[in-house]
Amino acid sequence: MSGRVLVGVKRVIDYAVKIRVKPDNSGVVTDGVKHSMNPFCEIAVEEAVKLKEKKFIKEVVAVSCGPQQAQETIRTALAMGADRGIHVEVTGKDYDTLGPLQVSKIFAALAKKEDAQLLILGKQAIDDDCNQTGQMTAALLDWPQGTFASEVSLEGDKIKVVREIDGGLETIKINTPAVLTADLRLNTPRYATLPNIMKAKKKKIAQVKPADLGVDITSRLEVLRVDEPPQRLAGVTVETVDDLVAKLKESGTI
Amino acid sequence: MAAAGALGRIVRLGSSLCRKQRFIFTRSPPGRGIASCVDPAHGLTDEQKEFQEVAFNFAANEMAPNMAEWDQKEIFPVETMRKAAQLGFGGIYVQPDVGGTGLSRLDTSVIFEALSTGCVSTTAYISIHNMCAWMIDTFDLCSMEKFASYCLTEPGSGSDAASLLTTAQLKGDHYILNGSKAFISGGGDTDVYVVMCRTGAKGPKGISCLVIEKGTPGLNFGKKEKKVGWNSQPTRAVILEDCAVPVTNRLGAEGQGFNIAMKGLNGGRINIASCSLGAAHACVQLARDHLLVRKQFGETLSNNQYLQFQLAEMATKLVASRLLVREAATALQGNRPDAVSLCSMAKLFATDECFNICNQALQMHGGYGYLKDYAVQQFVRDIRVHQILEGTNEVMRMIISRNLLTES
């Protein structure tokens, strides 16, 4: 076992920003808007660094796909304790149409190339909420997957994962190599310390293109239109339960 | 970090999909979000932006939720400050070989400005501690295992600092100190006291700098002062009665104390000004958010041209103050001949303007601004004192005019 973990980190619009739709409804405004690492990716990085600190694994490699700015996100991962980074360059129109299918192909290729023992991702990104990349990558690699992980422990060459599911908690044991996706309660990500930020400057970030990995990133999807959610309408007060039932029937809800 | 922490709070409030939500009355971290003319990240290097990001995250998660409680209950947040020290905030411009982080004055200013958005009073204390750590250069201080206080002011000597009366008489290998210091930040709760005292004749050249540890016999404290703001740090008089301090505790040579004190203050002035910047930045965000929400006369306040213009003026003065403070930090770092004057100008300008900005933000909140449920009043109360300490703004004018009027 190589002892190497790949962690995918995505640069997304910061969670606190108020999202605005572009006037031509082709997407949301991203120019000049604050971006940061996807919160679930932070949790994934933290888990990987923790595994390294407990000496279960030897190396944490942070990977991000996107334009030049994706390197900022990789740097944040390096400052949290990742050892080196890989920046997969995707720019312009290709970046606009980059989705989970393309990213999983890239991750699958990298996981093979880097001989990774584990691939840890966030469960979903807060911009598209797809919740697909982890699952697709596992399928492409034919690796077992432990998704929505709220607890991870390595036991020999197997991994015990406690998953948060609708019915409660499910515990599974899977073989390695495997794909894990991090859920909210997996851990609390550490702050980067000032000394670690300075040390991160010296860590290497390798640049590759999807073509170098033999991956075709053409999208099979076309976004037709992006709209804001409908404005919340004012409510109506009713006097009696009968009134309430009548109104609900009227609106077709029951 | 900030995002995962905030999402955690949202989930606990019952939302099943972790989406950002707008809370109107809870304190969403000021400083995040709008990319606009007042974004404090403009003009910084990538590395400085990362330092700033950590500081903003720490302020939003560890300080902002507690700042009202620390103020009302007068809590000295030791554990939070130690957490800050673990990230490297305990000795930011102290050299790494003695446990510090080894960053520049500009990096420091950026960091304190960001931390201040979380709690001005606590950040101001951290900056005073940093100043002491720089003066002493020790390991324990950088980790905030021990906390420090800077003791210059006396009941009889504030602006006229060189006229201080606390004496230190040499007896063998000890100095015996007698006198009292006033308004000492952290006094009584901190472990290490950097005390300016008179070892020689009258005037600045007779002053030396001694480091005294808490628990030394003869080192006593007055009652805890009740203040308008800065309530998360205790303020007490420090009373010295035949207090014996080893000669080895002297910083620098005899007679160098005033020089050391003044050098410390140059950085201290930039730090305090930076804290004012952070408060003003937070208040501009709070005012802006309020104008977009509050409706009167059938429309949001943001449609009122007077308020629009006022917000623009606040933003302009904030950015102007920030530029001056950062320039002063760069000058100090590079030991430029204009460093001392610039530090004084920066402190004078930034503390005055930022207080006005915060005060204006309070006004924009109307009656709500006066309630302690809203953070804006705490920022106003906390930064009011910045126009007074670390050298009054009047003394800043003295320093600047002296530079202008001295024949060279």
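Placement of Cβ uses the backbone N, Cα and C atoms for every residue, glycine included.
According to TrEMBL, the features are:
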- B:GLU390: active site, proton acceptor (ACT_SITE)
- B:45-139: domain 'Acyl-CoA dehydrogenase/oxidase N-terminal' (DOMAIN)
- B:150-243: domain 'Acyl-CoA oxidase/dehydrogenase middle' (DOMAIN)
- B:255-405: domain 'Acyl-CoA dehydrogenase/oxidase C-terminal' (DOMAIN)
Report summary line: Listed in sequence order, the residues of the same chain lying six or more positions from the residue listed as 'active site, proton acceptor' whose CB sits under 8 Å from its CB are B:LEU265, B:GLY268, B:ARG269, B:ILE272, B:LYS347
Query raised in the report: Across the domain 'Acyl-CoA dehydrogenase/oxidase N-terminal' (B:45-139), what is the average pLDDT of the model, as a whole number?
Result: 94
Report summary line: What DSSP reports for the domain 'Acyl-CoA dehydrogenase/oxidase N-terminal' (B:45-139) is 70 helix, 0 strand, 25 coil
**Report entry** B:GLU390 (active site, proton acceptor) - helix vs strand vs coil (DSSP)
**Finding:** coil
Query raised in the report: Residue counts in helix (H, G, I), strand (E, B) and coil for the domain 'Acyl-CoA oxidase/dehydrogenase middle' (B:150-243), per DSSP?
Result: 6 helix, 47 strand, 41 coil
